[in-house]
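Visitor: Got these off TrEMBL a minute ago, pasting:
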DOMAIN    35-259  domain 'AIG1-type G'
BINDING   47-52, 66-71, HIS161, 209-210  GTP binding site
BINDING   SER51, GLN69  Mg(2+) binding site
Amino acid sequence: MASQIIREWAGINSFAPATQTKLLELLGKLKQENVNSLTILVMGKGGVGKSSTVNSLIGERAVSISPFQSEGTRAVMVSRSRAGFTLNIIDTPGLIEGGYVNDMALNNIKSFLLNKTIDVLLYVDRLDAYRVDNLDKEVVKAITDSFGKGIWNRALVVLTHAQLSPPDGLPYEEFVSKRSEALLKVVRLGAGLKKQDAQASSIPVVLVENSGRCNKNEGDEKVLPNGTAWIPHLVQTITEVILSGSKSIYVDKKLIDGPNPNEKGKFLIPLILAIQYFFAIKPIERAIKNDIAKESRPSWEMRDSGVAGRKF
Ligand code: GDP
Ligand code: MG
């Protein structure tokens with residue numbers, strides 16, 4: 001890591017001039033606040049557009065994308081610097097395999113992140129999906145168990161494939177807000193956030209269109225069906241999250257090894273055993289003893305003991 005040579009962020013030149021100007025403005029704003037580097041972690045299920053989003057942000061084909069879900073199990077970090085500012089983006093393999101969270105992929109990601117600081121999490125999914133299910137919740141839960149609830153203070157929900165015509169004639173904005181609400185609800189559930197938790201209501205949702213066929217405005221900027229130039233909007237939202245006052249997540253050994261959710265409350269076990277002993281086992285024992293003492297000898301015992309003397 002120390003010997004890693006950080007390349008110049010040349011991809012920024014591939015953006016439309018207006019997009020470049022806005023990005024440089026945002027980087028300037030971050031530097032003004034003494035933020036000179038930024039590490040973005042990209043996570044989500046497989047095939048949702050994580051790697052494509054990394055490439056779109058960097059402005060070059062930095063990581064490989066695949067229409068099929070064979071992403072391997074390794075995370076990769078792409079680093080670029082521009083005008084004294086370093087951008088690190090960590091692309092990760094999809095977390096779901098065969099209907100379950102892939103623990104090996106998750107553990108690889110965690111060890112990859114050891115001693116790194118996550119400034120922002122991009123939780124990626126597709127806009128053009130109509131359902132959320134238990135798997136979505138499991139992915140969010142796995143992320144939360146790995147990095148703590150605090151990660152959601154630094155998270156954005158990113159929805160790819162945003163250039164779409166909603167089904168059933170729904171207006172675009174309405175479709176986006178319905179899909180966002182459904183996903184945010186699952187994030188709240190999976191992360192164990194209460195409705196009243198500030199972070200639960202403040203996770204921003206941003207739209208992304210990675211396709212080369214993304215529409216452009218007269219300034220040649222890539223735009224969504226609602227007219228938003230999405231690259232500057234995404235970077236602006238990331239900037240807002242960073243400057244919101246919440247803490248970055250430093251991934252140390254303690255965070256990775258525990259507190260394991262299975263060990264939460266382990267210190268209560270002796271207490272619970274003691275309570276069980278005095279309030280359940282003891283009374284039962286006492287009851288049994290009483291019973292035995294009170295019990296008259298059962299009839300079969302009398303009969304059996306009389307058998308020897310009986311004649312057949
Ligand atoms: P990952 O598995 O989450 O890293 O997903 P990839 O970035 O590898 O993308 C999976 C497939 O979806 C690839 O064929 C991409 O070209 C395609 N894709 C990703 N994002 C978008 C998007 O925003 N719009 C469209 N139309 N296709 C996308
Ligand atoms: Mg990928």
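Each Cβ is built from the backbone N, Cα and C atoms, and glycine gets one as well.
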Visitor: Among GLY47, GLY49, all listed as binding-site residues, which has the most CB atoms within 10 Å of its CB?
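Guide: It comes out as GLY49.
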Visitor: Select one residue from SER66, ASN210: among these binding-site residues, choose the one with the most other Cβ atoms within 10 Å of its Cβ.
Guide: ASN210
Visitor: For a Cβ distance below 6 Å to any atom of ligand 2, name the binding-site residues from GLY47, GLY49, SER51, ASN210 that qualify, or say none.
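Guide: By the Cβ criterion, which requires under 6 Å to ligand 2, the hits are SER51.
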Visitor: If you average the pLDDT over the domain 'AIG1-type G' (35-259), what number do you get?
Guide: 92
Visitor: When the number of other CB atoms within 10 A of each residue's CB is tallied over all shown chains, which of the binding-site residues SER51, HIS161 has the maximum?
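Guide: Output for this query is SER51.
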